[in-house]
Amino acid sequence: GGWLLRYMHANGASMFFIVVHLHIFRGLYYSSYSSPREFVWCIGVVILLLMIVTAFIGYVLPWGQMSFWGATVITSLASAIPVVGDSIVTWLWGGFSVDNATLNRFFSLHYLLPFILVGASLLHLAALHQYGSNNPLGVHSEMEKIMFYPYFYVKDLVGWVAFAIFYAIWIFFAPNVLGHPDNYIPANPMSTPPHIVPEWYFLPIYAILRSIPDKAGGVAAIALVFLSLLALPFMKKMYVRSSSFRPIYQGIFWLLLA
C-alpha cells in the first residue's frame, strides 16, 4: 500500500529540482540577478540550499543501503570544520554512529524544513514584486504590457498540463529510474556497498567532493560555490543585462551547461 504516494514523493523531489535548475539557469542566462533584483537572487540561493538539505535528509529516511552510507559519508564532512567539527557530527548523529537517534532527528527536520522553504518562497515572491519580473531583453518597461488573462493564464495552464504528463510518465512507467536499486536493500552497517551513489540532483556536489581528495578542501569548495552564487549580483557592473546582446557570454553559458 501507499505505492502511489511513495513514488509521487520520490519522483516529485526530482521534478522539483528539474524545475528549480531550469529557473536558475534561465536567471543566469538573462542576468535576472542584476540590480535592482539582488535580494530576489540571494533569497533564491537560500531556497536552493534549503532544498538540498531537505532532500538529503529525506533521502536518509527510507533507511536503505544508500540512505545509511550516504548519511554516514555526508554528515562526516562536518568534521572538517576546525575545533567544533567532531562535536557537530556527534550532535547530528545523536550518538557515535548513524542510528535510530539520527533517524528521529532527520524525520523531525524533514517535516519542519518544507515549512521554512514555503516561507522563503513567499519572501522570494514578495521581493520579486517590488520591482517586477525580468524579461529576455533585460530592460525595464512600463509600456505595452500583455494582459495576464487570457494570455499568460493559458500559457501557464499549458505548461502545467505538459508538466503533469511528464511527471505522470515517471510515476507510472519508470518510478525507480531516478533512484538507486540498492536503496531497497535494508541498511546494514556491517556491509559497505561497492559504490555510494547519491541522487542525480546531488551529483554536481558529489563531483566536487570526489575531485578534491582532502575533506576540508571539498567542503570549502562547496561553500565557495554557494558564496559565488550569492556574490554574483554584486560582481556584475555591466549596463547590458541580457545575454541576448552578448554572444560571447552566450557561448560561455552553453559551454558551461555542456
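Heads up, the Cβ atoms here are built off N, Cα and C, so glycines get one too.
Heads up, TrEMBL stuff is auto-annotated, nobody curated it.
Under the heading domain 'Cytochrome b/b6 N-terminal region profile', TrEMBL lists 1-137.
Annotation comment: TrEMBL describes 12-32 (among others) as transmembrane segment.
For the transmembrane segment (38-61), the residues of the chain that approach it from at least six positions outside its boundaries are 13, 16-17, 20, 23-24, 27, 32, 67-68, 70-71, 74, 102-103, 106-107, 109-110, 113-114, 116-117, 120-121, 123-124, 127-128, 130-131, 198-199, 201-202, 205, 226, 229-230, 232-234, judged by C-beta separation under 8 angstroms. Annotation source TrEMBL lists transmembrane segment at 38-61 (among others).
The transmembrane segment feature in TrEMBL is assigned to 68-91 (among others).
The transmembrane segment annotation in TrEMBL covers 111-131 (among others).
Residues annotated as domain 'Cytochrome b/b6 C-terminal region profile' in TrEMBL: 138-258.
Per TrEMBL, transmembrane segment is recorded for 152-173 (among others).
Among the features that TrEMBL reports, transmembrane segment is placed at 216-235 (among others).
Using DSSP to sort the residues of the domain 'Cytochrome b/b6 C-terminal region profile' (138-258) gives these counts of helix, strand and coil: 77 helix, 1 strand, 43 coil. A mean pLDDT of 94 is what the model gives for the domain 'Cytochrome b/b6 N-terminal region profile' (1-137).
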